[in-house]
Amino acid sequence: MVMVLLMVMVVVVVMVVVMVMVMVMVMVVVMVMVMVMVMVLVVVVVMVLLLLLLMVMVMVLVVVVMVLLLLLLLLLLLLLMVMVVVELLLLLLLMMMMLVLQMMLLLLVLLLLLLLLLMRTMVRSTAAAAAAAEEEEEEEEEEEAAATKPAAAAAAGAAAAAAAAAKLSLQQQQQQQQQQQQQQQQQQQQQQQQQQQQQQQQQQQQQQQVAAAQQQQQQQQQQQQQQQQQQKQQQQQQQDLQQQQQNHFQQQEPLQQQKQSQQQQAAAPAAAAATAAAAAAAAAAAAVFEDVV
């Protein structure tokens, strides 16, 4: 009986030691799981903080880029305003130059008219002087004709020839002067036409410059719109990534809960078996004690 009691006591001690070892193992496993959960939480918190820092940095960069773009736009607007003012000043200067040139041309035309009037008066005065001289010569010839008719006739012929030559020379001079005046007028007309063509070319160049500036503005606006669209796409992608991460975390939480429940379920049968074994050992010890008594 003593051997049986000793065996029972040894069995009970072994069962108690086994129970203690099982409980220690369960506690170790639980502690390991807790540590793993803590590490996972720390990693998740660190990742979230890093993501927040990245988001803050990205937002700061976006704000800086937007500010720089606004400054560039302001500078471009100022440059355009300066260009417009300069073009207006150039147009005013051109208009003033054209007015001055027109005034100079008018003065030249007036001077030419005065010269023509003077030439006409000179021609008329020379013609009147020639007529007076002819009349005087005719009178002298008539007086001399009374004395010497043959000499008078010869002198009259010579005077008539001289008068005809003088008239021809005067007519030729007048024709030459008229031709010169016509040539000068044609040259002036050609100069005016050239000036008009130059003005038209300058206007066309200015229109082309304005059109080029408008095209540049449109291209800049399109680039800004594209940049805004890209920024929106990046923000949407970041939001999608955050949602995916949240979904991943949400998916992992049920899995972790399932693992914990499975571990608890696995530990429960062992604990139940240990308690049953302890109860059986206690019952056996009680039975042996009753038999001994």
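In case you wondered, yes, glycine gets a Cβ from its N, Cα and C as well.
Where the annotation comes from TrEMBL, it is an automatic prediction and has not been curated.
Taken straight from TrEMBL:
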TRANSMEM  5-26  transmembrane segment
TRANSMEM  32-54  transmembrane segment
TRANSMEM  61-86  transmembrane segment
TRANSMEM  92-118  transmembrane segment
REGION    131-152  region 'Disordered'
COMPBIAS  133-145  compositional bias 'Acidic residues'
REGION    237-272  region 'Disordered'
TRANSMEM  266-289  transmembrane segment
Could you give the residue numbers and ranges of same-chain residues that sit at least 6 residues beyond the transmembrane segment (61-86) on either side and whose C-beta is under 8 angstroms from one of its C-beta atoms? 213, 217, 220, 224, 227, 231
DSSP helix, strand and coil counts for the compositional bias 'Acidic residues' (133-145)? 13 helix, 0 strand, 0 coil
